[in-house]
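What TrEMBL lists as transmembrane segment is 6-28, 40-58, 70-90, 97-115, 135-164, 258-281, 296-311, 323-344. Sequence annotations record features per position, and here TrEMBL assigns domain 'Cytochrome c assembly protein' to 74-348.
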Amino acid sequence: MENLLNNGSFFFLLCSMSFYWICAFFNNWLGLWSKEAGKFSIISANLTMFFLLVYRGFQENHFPLSNHVIKLFYEALIFLSWSFTIIHLIIETQLPWTGTILAPTALFLNAFASFQLPESLQKYNSLIPALQSNWLMMHVTVMLLSYATLITGCVLAIALLALIGTGSERTPSVARPLSAKLRGGRGNLTSRATVLPLTIGRPLDETKLKVHSAPPPLGGASGEARLHNQDLFFFEIEGLLPLWGEPLAKRANQLDQLSFRSIGIGFPLLTVGILSGSVWANEAWGSYWSWDPKETWSFITWIIFAIYLHLRLNKKWSGVKSAILATIGFFVVWICFLGVNFLAKGLHSYGWFV
């Protein structure tokens with residue numbers, strides 16, 4: 001049963017990523033169908049991983065991530081992947097196309113847990129008596145949720161940099177040659193050319209169009225035109241009218257704001273996770289802080305995102321500058337979560353590579 005749920009969650013996540021990528025490249029019935037199929041797949045993956053965690057809990061008569069046994073890294077990875085699907089479904093209500101960048105993250109974690117971890121890290125192991133505490137569930141759960149929200153914010157920031165780096169503020173649009181006379185339309189146009197802009201996969205919303213040139217039938221019109229979603233124009237033209245639209249400024253701003261909000265949620269979770277871990281450490285070892293590699297990198301992670309929030313709130317950083325800092329935070333989080341556990345020696349090491 002466990003293998004079935006495990007393989008099923010991987011399958012649904014793989015399908016979800018594939019459907020969202022198809023949706024990104026096709027702006028027709030196939031794209032619309034793929035979008036709905038991707039959402040169905042991510043919901044199915046979420047439920048499958050939830051039942052997987054519950055099933056493992058019943059197998060050992062305990063709540064996942066709690067009690068006096070710990071499944072080490074496998075269950076943590078599955079829980080983190082499950083958390084990403086929850087965040088994905090929430091963010092998708094604001095940005096429907098974010099599945100193209102969030103679904104692969106959940107898939108990576110699930111695949112790593114299922115196919116890369118040694119079998120010894122997937123089995124149940126008893127905690128030493130010193131670590132058997134009720135602080136376990138709170139510390140581990142809150143830390144994993146903080147990783148999920150922080151990584152989500154960082155991924156959105158990286159997407160923002162990619163968007164700007166590809167010249168997103170001047171998104172190419174083209175006008176199809178249509179055998180129809182000019183008719184219909186609403187709104188004010190400041191150029192003599194009335195056009196029907198096309199974008200890849202998404203509507204323009206309200207945008208300005210820069211008409212660089214036009215063939216003789218339109219009298220060589222040039223200038224700017226403002227077009228709304230509800231405007232629909234047809235024109236008779238020979239050849240293509242080269243246009244440049246600017247529809248993604250709003251999308252870039254949405255990415256920036258969602259990235260900021262995700263990190264804004266993840267930072268207090270990280271703070272609570274570190275504090276609860278300190279209390280747990282004091283109960284177990286008699287010291288709140290011992291500069292264990294995990295403690296050190298969690299502190300570095302906290303500092304990075306504290307600087308990010310300080311610059312956002314007090315220095316009014318936004319856009320590219322804050323996205324660059326969030327990108328640095330992305331790598332720091334992964335070092336804290338994965339690198340320290342496998343490459344460093346300490347209380348949080350699993351001894352895979354060292």
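Each Cβ is built from the backbone N, Cα and C atoms, and glycine gets one as well.
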Quiz prompt | Contacting positions for the transmembrane segment (97-115) when only residues 6+ beyond its ends and CB under 8 Å are counted | solution = 6-7, 9-10, 13-14, 16-17, 19-21, 23-24, 38-39, 42, 45, 49, 73-74, 77-78, 80-81, 84-85, 87-88, 91, 122, 151-152, 155-156, 158-159, 201-202, 258
Exercise. Tally Cβ pairs under 8 Å between the transmembrane segment (135-164) and each listed stretch (6-28, 258-281, 296-311), then give the stretch with the top tally.
Key: 258-281
Quiz item: Taking all residues of the domain 'Cytochrome c assembly protein' (74-348) together, what is their mean pLDDT?
Solution: 70
